[in-house]
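These features come from TrEMBL:
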ACT_SITE  Cys232  active site, nucleophile
BINDING   Cys95, Ala96, Ala97, Pro98, Gly99, Ser100, Lys101, Asp125, Asp152, Asp179  S-adenosyl-L-methionine binding site
DOMAIN    1-340  domain 'SAM-dependent MTase RsmB/NOP-type'
REGION    599-621  region 'Disordered'
Amino acid sequence: LVRNMFINKCISQLNKDGDEQQQPSIFPLPWYPDKLAWQMDLTRKDIRRNEEYYKLHNFLISETEHGTISRQETVSMIPPLVLDVKSHHKILDMCAAPGSKTAQLLELLHADDEPVPSGYVIANDVDNKRCYMLVHQAKRLNSPCVAIINHDSAVLPNLSATLADGSTEQVQFDRILCDVPCSGDGTLRKNPDIWMKWTPANGLNLHGIQSRIIRRGAELLAVGGRLVYSTCSLNPVENEAVIHRLLLETEGALQLVDVADMLPGLKYTRGLETWQVGSRNLEFYKTFEEVDEKWKTTIRPQMFPPNPDNRAKYNLHKCIRILPHQQNTGAFFVAVLEKLRPLHVREKSFKINAENNGNNSAENEMIVEKIGMKRENDDSLPENQRKRRRKEGYKEDPFVFFTDKEEIWPSIKNFYKISHNFDPTCLLVRCKTGKKKNIYMTSPAIRDLVINNQSTIKFINTGVKTFVRSDNRNMKECAFRIAHDGLESIFMYIGHERKVNIPKDDLITLLMNDTPEQSPAITSLSEQVQSQVNDLAPGSCVLIYTEEVSNGDPFILHISGWRGTSSLRSYMSQHSTVHFLRLLGGDVSKYDINKFKKIDEDEDKDDITPDGNNKNDKDEL
């Protein structure tokens, strides 16, 4: 729907009003399915000078905030795409911030329109502050199937999950994305500072951490699973050398996959099979034996290409290199790996019996250390470092899940006539004591992960806001309203008593009202709505709009609403309001910032003389 609206309204209007000599460079990416990705070659000057471009800019900002559009570098869309995500997959994004790829993974996870898929996305980043950028990105998608964690991905501990019999086993992920830290020299065109700072040594310094991250990712990957390694660098030491090192060390447990057929129309170069390694002084070497003694601590044997005799078995040509001039993008490197067998015997999933479940965290830590992933202990660090580590990062509020005896749940369940099929233990709050303000919902799998692992890893955020406390004097039976963020996740469980079918004109009337104190009176709405809400107790409700579509499924909208004592209103953010108005063909001009119209009005005022005449009026002869 958003794609069609973008094409039919935004693009067609630009083509209609634009100068034939300067048609806008806006086009769908041929390699992204169903025209769901578009590239625009517009500068800030273009947007400031052209009113239609400015309207398009407003549209993109509004829809981005609502969560229906994501804006990112063109080539950075490739890694999630070639992961081949399905709704049942367990997905790990190892270096996730700022979160554009995580958002894309969530979109792919929900591609079948399942409100709560059985799969999930775990998004990790080592930088605590950048994790909050990640939270903002993930929250736009309103998914109960994502958790944000904060840990060094090179030593990410094993996560445990509960089986049906109550025992616990190690989580092995079906899909892993390693978009690792890199020198970023592929972004030279948009980051000119790199020109002044670049040296080959940048890649040398990062090769080690990149190798450790992908190695840990390979250990956490399930057999038959897929791992994607990517950088925005051109340096083979950060790219093919890392892949070659992993394939060499894992001795056939992994293999490169050719995914060219998944990206039709993409212009790219095959991966390198030979390269030279350069020092800080731009001295290049073909083999490690040629390296000057003074560089041997920074240039290591693992950074060189495979020997000509066994080069073919690594299939490094299956990697993908994208160069900036090929399709006017940034430079990028992508390698797709498939796991054929465990990397070592001890990698096999550990299993803990139900009666020993209380010692999960201790068992987990033992296994992490057994496979060589030792984690730093504060007690072994100097005192000044211990203090610094305590200061780093924010202390998170606890994740407190509902129990079967949660005291506030019966009133919510009875008021909204929530089905017995709904599991209230998937609801959580972020406080152990005091008044509960916001209630969040997670999928059962995410709930299990948080409960089993929050003692061994730092969870930053999870859950979609589903209920919000509303201290309204008319809310006598239930103190919580339905949050629009989590409405789709819980809609199927809400009883029909709190659902109102609303015609298009009435819904537009409610969406056009931006003053809660002056909400439309129920008597001003259609008979269809009045007959449904007359006996409806004041409080939160769900507004349902249905429109039949020829040769397709009906178009259905679910919107959080509020039934007052004598009025009815929609209850959501302004960006969501504008989104739904656009879908319904309503007037959004009152919500749009149109600086061009304001300039015209100011100029008209300046043209008026003190006596009320227009300066531009000419005397008739």
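A Cβ is built for glycine as well, from the same backbone N, Cα and C atoms used for every other residue.
Nobody curates TrEMBL annotations by hand; they come from automatic prediction.
Mean pLDDT across the domain 'SAM-dependent MTase RsmB/NOP-type' (1-340) comes to 91 in this model.
In this structure, the CA atom of Asp152 (S-adenosyl-L-methionine binding site) is 20 Å away from the CA atom of the residue listed as 'active site, nucleophile'.
Between the CA atoms of Cys95 (S-adenosyl-L-methionine binding site) and the residue listed as 'active site, nucleophile' there is a gap of 13 Å. Put simply, the two farthest-apart Cα atoms among Cys95, Ala96, Ala97, Pro98, Gly99, Ser100, Lys101, Asp125, Asp152, Asp179, the recorded binders of S-adenosyl-L-methionine, are 20 Å from each other. Proximity of Ala97 (S-adenosyl-L-methionine binding site) to non-local residues of its own chain (separation of 6 or more, Cβ distance below 8 Å) is seen for Asp125, Asp127, Arg130, Cys131, Met133, Leu134, given in sequence order. In this view, Gly99 (S-adenosyl-L-methionine binding site) is surrounded by 28 other Cβ atoms within 10 Å of its Cβ, with every protein chain counted. The CA atom of Cys232 (active site, nucleophile) is located 13 Å away from the CA atom of Lys101 (S-adenosyl-L-methionine binding site). Cβ contacts within 10 Å of Asp152 (S-adenosyl-L-methionine binding site), excluding its own Cβ and spanning all protein chains shown: 16. Using a 10 Å Cβ-Cβ cutoff, Lys101 (S-adenosyl-L-methionine binding site) registers 27 neighbours.
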